[in-house]
């Protein structure tokens, strides 16, 4: 059972074979060799019994990777760098991208491995859980066993920088105060919301006020609001006791669940809205959420990292980005369609960059 709040081996899964038939009729009678006997039962105290004299007749003992080790190995080492030119003029086909995407391990958390009493009441989806090694722990309230729990993970950004983002689920009625506690604790100055409140069914509760409201010990006020064609920007203040901080809230609603926007332009404009001097100056992570906190959330974070790679290096490793995201929070980027759209969006961004200098 794992309860960690903040560990991130790759190897091929070897197959063991004993080769051809090893029993041959001896020309003369010889003492029969003892067979190698292996008895192993999970959870039992049965011993491993080997005739050491017979070890030379079989293949050398080697370690066998567990599926978990294989998953981590893939996510830590896989990559497919694409230059700006390749991304624009010779991109992988949709079929190739689908095949590539389907090979990426999801790295979802087994509910049995999340040993946190009462967490289920704070999970919007019972199978979408925070990976233990990178989960956010609330540190202020200590009155209950599960008081540190929120369904959220720290996410690395460009060049592997730690805690650039927090990916989380859309707040629920009983987690709104926890959400604002996380915003305060982590000194968050930007929240990016990528879902509507309802899309057939509830995806997220209305966790900010129309004017002013208290959520637990935090007083939230709306200071300003600007409507853009694809998104709405609100300037908020969050106050705790005598201290007051500013938080920018961006609601991008033109993105259907499990799908992609109609075009890549609005998403790139959203990324540009985030790229401000204020964002760069703030040391706290950017909170990003949709409903489950993995699909649209993963696409936005991957798009921003991809833009930064293209601008700085002239190439982008989208496969490597998604693998890094899934190490931090399982299931980031939910569908092959989203993976294909990510390539399309970054190809459009590459075309907008200044021409590369001649070698």
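For all residues, glycine too, the Cβ spot is worked out from N, Cα and C.
Note that the structure is a prediction, hence the values are computed from the model and not measured.
Mapped onto three states, the DSSP output places residue 290 (active site, phosphocysteine intermediate) in coil. According to Swiss-Prot, the feature active site, phosphocysteine intermediate maps to 290.
Per Swiss-Prot, the feature substrate binding site maps to 257, 290, 291, 292, 293, 294, 295, 296, 334.
Under the heading domain 'Tyrosine-protein phosphatase', Swiss-Prot lists 97-349, citing sequence analysis as support.
Annotation source Swiss-Prot lists phosphoserine at 44 (among others).
What Swiss-Prot records for 66 is phosphothreonine.
Within 10 Å of the Cβ of residue 93 (phosphoserine) there are 9 other Cβ atoms, across all protein chains. According to its DSSP assignment, residue 93 (phosphoserine) is coil. Residues annotated as phosphoserine in Swiss-Prot, with a large-scale study or a structure entry given as evidence: 93 (among others).
Residues or ranges marked as phosphoserine by Swiss-Prot on the basis of a large-scale study or a structure entry: 143 (among others).
Per Swiss-Prot, the feature cysteine sulfenic acid (-SOH) maps to 290; the stated evidence is experimental evidence. Counting Cβ atoms from all protein chains shown, residue 290 (active site, phosphocysteine intermediate) has 28 others lying within 10 Å of its own Cβ.
Taken from Swiss-Prot, the feature region 'Disordered' applies to 1-33.
Residues or ranges marked as region 'Interaction with MAP kinases' by Swiss-Prot on the basis of similarity to another entry: 38-51.
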### Message
With every protein chain in view, what's the tally of Cβ atoms within 10 Å of the Cβ of residue 334 (substrate binding site), excluding that atom itself?
### Response
21
### Message
Among 293, 295, the binding-site residues in question, whose Cβ has the most other Cβ atoms within 10 Å in this structure?
### Response
293
### Distance [Cα-Cα, Å, rounded] between residue 334 (substrate binding site) and residue 290 (active site, phosphocysteine intermediate)
12
